Amino acid sequence: MATSPYPLVAPEIAGSPSRPRIVAALSGGVDSSTVAAILHEQGYAVEGVTLWLMRGKGQCCTDGLVDAAAICEQLGIPHHIVDSRELFQANIVDYLVAGYADGITPLPCSQCNKLVKFGPLLTYARETLGISQIATGHYARVRFNSELGRYQLLRAVDRQKDQSYFLYDLSQEHLAHSLFPLGNYTKAQTRQIAARYGLVTANKPESQDLCLIETYGSMRNFLDQHLGQRPGEIVDTQGRVLGSHQGIHHYTVGQRKGLGIASSRPLYVVRIDAAMNRVVVGEREEATQAEAWVRQVNWVSTPAPDEPLAVEVQVRYRTPAVPATLIPESPERVKLQFAEPQFGVTPGQAAVWYHGDLLLGGGILERPSP
């Protein structure tokens, strides 16, 4: 094994007598590039794989393909491009458009990780390349709990960059064959490592959280292109008409800015009524709720509980986790009772619950009852 100044990635694999083979998922960004470089230096037989998701400019598209190829050439490793455009269209683009048209705010990144990236990437690695292990640039950690006989997902050391929230829907099969080498590093350390290797992506700007924004300029542009204008009413919680809108897909629960209505007090989106093509607004308290139902639950790190469970729950990527009691109705549906009422709990987004750094599970927030 080659000498490396960085901790061994999966030493149980690295300690094998022959060079262990691994696929590095390369987006063309600094994070995935650094992963490939670390693994290569530590003696892994690395092969880069880039998923071609969309046409157009952006890290996830043409520019990403070019930069990923440049990294592989720099490291002297093979590079493979997998045409995943149809898969991305069906599972992400169509999913987003349908969700916004239905008045919810979908979370495409967790869907993409499960259905477009990890599953298909593992299949390609095994069936085409004969490789059973993949590594990605996600900021998260995985460990094996021998008592439970399960792989477990944990937050990254760098809480500001932690991406475990987007990985809650992965399976045991995914975790068993995936490595996250950056989980123990901060973003600043990653850039330092990339600079040490002299990677061509070392100074590449940070990408958008949502790759579609890089292609379309904004989520509004993306939705307007696919849904057009669909005028309707903006009403208060009593049904009084306050103004008009050009499409419910321009709004999300908790939104205050850009409502386009005059009011003597701050108003927020309380709910979106797709059937009536209405946006319902109210005062902040009316956009606050003490509990929420969650469907399509995935218990990634632990078995589903039979009894209520004290957790810390995160209902948006950029919001802190808050104390809550989780009450299971079934393994696939739970109720969350927040210790304090929460503002802007948005249908379609993910609720993800933790014990400290350990991600227990998550699911999709349902619409509250009217």
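Backbone N, Cα and C atoms are what each Cβ position is placed from, and that goes for glycine too.
Summarising the annotation, Swiss-Prot assigns ATP binding site to ALA25, LEU26, SER27, GLY28, GLY29, VAL30, ASP31, SER32, LEU51, GLY137. Following the DSSP three-state reduction, the secondary structure of ALA25 (ATP binding site) is strand. Note on ALA25 (ATP binding site): other Cβ atoms within 10 Å of its Cβ, all shown chains, come to 23.
Spatially close to CYS112 (active site, nucleophile) yet at least six residues away along the chain are PHE88, ASN91, ILE92, judged by Cβ distances under 8 angstroms. In the three-state DSSP reading, CYS112 (active site, nucleophile) counts as helix. Annotated active site, nucleophile per Swiss-Prot: CYS112, in sequence order.
Around the Cβ of CYS211 (disulfide bond), the number of neighbouring Cβ atoms within 10 Å comes to 23. If you look up Swiss-Prot, you'll see CYS112-CYS211 marked as disulfide bond.
According to Swiss-Prot, the feature site 'Interaction with tRNA' maps to HIS138 (among others). The Cβ of HIS138 (site 'Interaction with tRNA') has 27 other Cβ atoms within 10 Å, all protein chains considered.
According to Swiss-Prot, the active site, cysteine persulfide intermediate annotation covers CYS211.
Residue environment of GLN349 (site 'Interaction with tRNA') contains 22 other Cβ atoms, counted within 10 Å of its Cβ in all protein chains. What Swiss-Prot records for GLN349 (among others) is site 'Interaction with tRNA'.
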Around ASP31 (ATP binding site), which residues of its chain at least 6 apart sit with Cβ under 8 Å of its Cβ?
-> GLY137, HIS138, TYR139, LEU182, THR190
Rounded to a whole number, how many Å is the Cα of LEU51 (ATP binding site) away from the Cα of GLN349 (site 'Interaction with tRNA')?
-> 25
For SER27 (ATP binding site), the number of neighbouring Cβ atoms whose distance to its own Cβ is within 10 Å equals 23
